[in-house]
Each structure stands twice: as structure tokens, then as C-alpha cells.
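Asker: Straight from Swiss-Prot, here's the annotation block:
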- ASN235, MET264, TYR293, HIS329, SER349, ARG350, GLY351, ASP390, GLY391, LEU392, ARG393, GLU429, TYR456: substrate binding site (BINDING)
- HIS433, HIS497: Zn(2+) binding site (BINDING)
- CYS577, CYS580, CYS585: [4Fe-4S] cluster binding site (BINDING)
Amino acid sequence: MSNRREQRQQAQQFINELAGEAYPNSTRHYESGSRDDIRVAMRLIHQHDSLVGGTEDNPILEPNPPIPVYDTSGPYGDPKENIDVHKGLSPLRKTWIEERSDTRELDGVSSSFAKERENDIFTEDFRFIRSRKPLKAKAGKNVTQLHYARQGVITPEMEYIAIRENMGRQAIKDAELTQQHKGEHFGANLPETITPEFVRQEVAAGRAIIPCNINHPELEPMIIGRNFLVKINANIGNSAVTSSIEEEVEKLVWSTRWGADTIMDLSTGRNIHETREWLLRNSPVPLGTVPIYQALEKVNGVAEDLTWEMFKDTLIEQAEQGVDYFTIHAGVLLEYVHLTAKRVTGIVSRGGSIMAKWCLSHHQQSFLYEHFNDICEICAKYDVALSLGDGLRPGSVADANDDAQFSELRTLGELTKIAWEYDVQVMIEGPGHVPMHMIKENMEEQLKHCHEAPFYTLGPLTTDIAPGYDHFTSGIGAAMIGWYGCAMLCYVTPKEHLGLPNKEDVKQGLITYKIAAHAADLAKGHPGAQIRDNAMSKARFEFRWEDQFNLALDPHTARAYHDETLPQASGKVAHFCSMCGPKFCSMKISQEVRDVAKQAENLAPAQAAEKEKEKGMKDMANAFNKSGAELYHTADSKVELP
């Protein structure tokens, strides 16, 4: 059996056996909102008690509270959920959308290409059977979250997000867990508690976006903005060479379980339309695309044959399926292409190179730029957010921060203002390959020229010499730019520059970027960001091994590494690990020092009283001797008695 066939069969088996699954010693918890249908999922990591005294037979224990953490896994993280990918997820937001009375149900799909696929008998065997018809804004209505926010309306999505961002941390009262370093936020506004009104204000100002197409009611609302938790995106999708629908659905589920806040389907192979439908109907997180990829497939890969009408049809096709944000490379202008001529690596963005080739072959301005107003009109009818693509991003550290990159960035700032005129939500995409000392300038330039719209970067990679380890090279840059104010980080997997990532590569990329995003939150001083770190440190010092595993971003790997050398059950309660052994464990020695200090502290009052008594006796003896050492003195004696 070929390796490709094996991978597909394994993915099919994964889907067939798919069930809600909790992390080790974790439970799903739902925080309620102002209405019954606002139930915000989060994960509680339960801990064991701390041993604070007593004897082996009669120990004195102190309970440790469960640690709440942000959960992107949707129903896939709840063991009580019945999951059937052939039916899709429940439409969480359906009632919220209907209550606003500003949408209408279409008779069927509007896109010419979507109609063709529906009537194609060759797609019947692998087509997702959709039960709902697409929605669209009523005439004269705008259905974007930005529009509602500017009208002063707090939507259920905004309330959901406020609860989600707070993560139930207010319930933790232990000062040892809530202590936190101040951090350096570089001008970000980080309130102690996120309120629905704060969410509304940030969206209204364009500083944050809520990607949530009206045709993707299955998603759990989330927010992207520098005044909120740093988010991460996972790229999945097939290619002309490899992957199948089953494998992409498996990657979707896998990605959400390991912490992806959004997913981008970058499929460039066969059956793109059908693959996307399966992903959307089963995605609890927002899903983005690069529509130019599919448009290029429709013209058999010949960029010169692309037209506005074909691209427009692709936008409508994807919007009616439920795509939550489009990456549009509208900033790649004809006059900027020559700026890349002297670069070491030229234009490395697929979308950027497609549009550059189109501009040169027709010697015309980009149709994405020329029709940008039309694009915004389409997005406003479905609430598709725009992710303005960095088609001229640097593909090597040698090309970082050059004229081509920053010329495009300034144009993206101009396009942002146009999109806002239509109440269309916008975020800005960034590099790329940038050495560490040049990263901060990227954030500063973006804030300056793009009016504080959220920044979304691919890394950046801080060096070019580590193929196979570019999740490391980019994780460094991601942590830095996240600290400076980047709102969302696009993961890079170990396969970057080498091949299409598999399931394990996706996990490695996500864990790396969860680390980067969390490190950025810590550095910014985001309220509550340090709670999990403090819990881990306490568990580590107390040799609560099981809690250390469970508090880790990847409990399975943490446990496996520990058990390689200490697999016995006794190893889970030992006051040492295999690194130092029982005699040289710094934590154990520190505990012994602390115990000795505590004993000395307890003895101190009694010792002090004894010393005071001894001093008093000496003082009295000195006074007696000074008075002449006589037992008795006459009544008229002038001797000063003690």
C-alpha cells in the first residue's frame, strides 16, 4: 500500500472514530452570559492538593484551585459532545443572526462556479450535503460587526468574546497565583477586566475585528486586536501534489485541539470548493482563504487569464459558503513591482507574484486595487473581514524593511480607510523574514500608516539558515512582534520551505506559536497571563509531577519525556527527576533550606526570650556588684540600688 493511501485511510479512520476529547485531568466548563444561549467554553485544569505538613500517615493538605485556560477546540474538546463530521457542528450563532432581522435567505447559491459544482455528478460522492441555504444582507442593510459597533450595539458575539477573554480568572483569589510582573505594553490598553462595551469600542475604532461571516454560524466568536490576547493562525489546505478532504478535516480538528484561534484554507489542488465546505461546516473557529488561489485554478494556473468578473464570482462563492476573512493582495501595484528587481529573493508571496505577473503582462493597474470598492461591497453583505495581504513581504533577511515592503504597507493603510467607509472589518498582514533588530520598526510603521488596524504576521523568521527548524526561527520573531503589538501570529511549521505539513508538523507549529503568543502576553503584562506560569512553578517546586504534565501546553510530550527515564509510578511522586537525581536536585535542596529556615523562624521567639532573660540577669548582677556586693544597706545609704 502506498504511503499516500495509508495517510488517507488513517485520516478516514480518525474522522470515523472522532469524539470529544478532554486534555489530561481537564474538564470543559461553560461560563454563562446574559442570555441562555451565551455559554462560553473554557478548559479547567484540575490540580492535586499541596502537602503542607503533618506526617506520612496523617498529612496536612492544602487544595489548589483549577486553572482556567482559553479553549479553541469547540465541541472537539468536550467528551459529552456527539460529533458527526458528515452533519457538521451545531449553528451556535443562528438565533443571534436571525434576531437582527437584517438578512435574507437566498433561493440557492449565486456563484456560477458553485452552481456548476452542485450540478457536477462527479462531485456527488465527496460533496458535503448542506442543509441550510446561504444568507445575504437585505437591501440597504449592513451586517458587519463593525457596523453594529459603530451604531452602539453590543451584539451577543461581543458579550461572548468579553467572557472568553477574561477566562474566568476573577474566580482565582490565591495571591501566589495572581501575582504578575508589570510588563511593557508599548501603548496598548489592557484593562483588568474585559467588558462587552470595551469589545464594542475596540471594534468600532477599527483596532480589533470579529471575523464571523453570517454563513458560518458554527463558529465560536473570537477577537483579533492588540488590546486582547495574542492569537495564532494555522494554515492547512491541499496542493496539486498531495492531501485529501479527509486529511484536511483531520488537520482542522487537530489544529483546534492544539490551540489554533483561526484556520486558513490555502488549498491549491483538486476539489477546493468541496474541501472548503467540509472545513467550514466542521470548524468552531473562523476560517480564512486567499481567493486568488482558487481563481487561478479556474484559469488552469495562467495568471494572465485572470479577470475581475471571475475573481468576483469566486468572492461570492466563498462568502456564501461562510469564509470569515479574505486575504486580498490589493496593495501590489504596478509601480511597485520594479522595486523588487534588486532583491535577493524577489517576490515570495504566491498571491503577490500572481498579481505582479498579471500587472506586467497587461501593463495595467491591479484589478484588485481598481475594484477594491466592489470587493468591500461584497464583504459588507456577508460580514467577511479583509486581511490585506503583504504580497511584497521580504522572503529573506537581506530584503527586510525595503522600499517595496513599506510602499505596499502605506497603500494598505489607504485601503483600510476605504474598507472602513463600508463598515468592513480589516486587519493588515505583515512579514516575513526580518532580523531581530529590525522587527520593532515593522510594528511602528504598521501602527503609523494603518491607523491601528490589527497586525497579522507570518513569523517573522529571524534567520534564513535553518530549514527544518523554521518553527524555531519564526517563533523568536513572533514572540517579539507579538510583544510589540501584533494581534495575530501565523504559525510556521518545520516543513516551511520544504513541503506540505502533515498532522504532526501542524502540532509542532501550533505549540511553538502558543509559546510565542503566551510569551508576548506575559511581556505586555496582559492581566491574568501569568496565572498558569505561577501554577506550574508552584507544582514544580512541590514535585507535583502529574500537575506539571497537565499544566503544560503539551501534556503528552511532557509526560513522555519524564517517563523515558522514570517510568515507574514512584517516579510521579519522587522529589527529583533524572536530570540531577535525588542528591543534586536544586528544588529539593531549596525545599530543605526553606524547611531549616522555617524551623529557625519558629525557634526564634523562644530564643529571643531566653536571651532577654539572660541579659536581664547579667544587668542585675552588674548592678549588685556596682552597689558594693553587699546583701543589706542602711536606710541612709547613698548607694544606688538595682
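The first residue you see is number 1, and the count goes up from there.
Glycine is no exception: its Cβ is also placed from the backbone N, Cα and C atoms.
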Asker: Give the number of CB atoms, excluding that of GLY351 (substrate binding site) itself, located within 10 Å of its CB.
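Answerer: So the Cβ neighbour count for GLY351 (substrate binding site) comes to 24.
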Asker: Of ASN235, TYR293, SER349, GLY351, ARG393, which binding-site residues are close to HIS433 (Zn(2+) binding site), meaning a Cα within 10 Å of its Cα?
Answerer: ARG393
Asker: Across the listed substrate-binding residues, ASN235, MET264, TYR293, HIS329, SER349, ARG350, GLY351, ASP390, GLY391, LEU392, ARG393, GLU429, TYR456, what is the farthest Cα to Cα distance, given in whole Å?
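Answerer: Looking at ASN235, MET264, TYR293, HIS329, SER349, ARG350, GLY351, ASP390, GLY391, LEU392, ARG393, GLU429, TYR456 as a set, their Cα atoms extend up to 20 Å apart.
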Asker: Drop a 10 Å sphere on every Cβ of the binding-site residues TYR293, TYR456 and tell me which sphere holds the fewest other Cβ atoms.
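Answerer: Each of the binding-site residues TYR293, TYR456 was scored by Cβ atoms within 10 Å; lowest is TYR293.
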Asker: How many whole Å apart are the CA atoms of TYR293 (substrate binding site) and HIS497 (Zn(2+) binding site)?
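Answerer: On Cα coordinates alone, these residues lie 18 Å apart.
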Asker: Within 10 Å of the Cβ of GLY391 (substrate binding site), how many other Cβ atoms are there?
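Answerer: Around the Cβ of GLY391 (substrate binding site), 33 other Cβ atoms lie within 10 Å.
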Asker: Tell me, how many other CB atoms lie within 10 A of the CB of ARG393 (substrate binding site), whichever protein chain they belong to?
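Answerer: I count 27 other Cβ atoms within 10 Å of it.
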Asker: Taking the Cβ of each of the binding-site residues and counting other Cβ atoms inside 10 Å, which one has the highest number: HIS433, HIS497?
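Answerer: That would be HIS433, with the highest Cβ count within 10 Å.
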Asker: Should TYR293 (substrate binding site) be counted as helix, strand, or coil on the basis of DSSP?
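Answerer: The residue in question, TYR293 (substrate binding site), is helix (DSSP, three-state).
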Asker: Fill in the CA-CA distance, ARG393 (substrate binding site) to HIS497 (Zn(2+) binding site), as an integer in Å.
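Answerer: Here the two Cα atoms lie 15 Å apart.
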Asker: Taking the Cβ of ASN235 (substrate binding site) as the reference point, list residues of the same chain whose Cβ is under 8 angstroms away and which are at least six residues distant in sequence.
Answerer: ILE263, MET264, LEU266, CYS490, TYR491
Asker: Secondary structure at GLY391 (substrate binding site) (DSSP, helix/strand/coil)?
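Answerer: Note: GLY391 (substrate binding site) is coil by DSSP, not helix or strand.
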Asker: List the Cα distance (Å, whole number) between SER349 (substrate binding site) and HIS497 (Zn(2+) binding site).
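Answerer: Between the Cα atoms of SER349 (substrate binding site) and HIS497 (Zn(2+) binding site), the distance comes to 12 Å.
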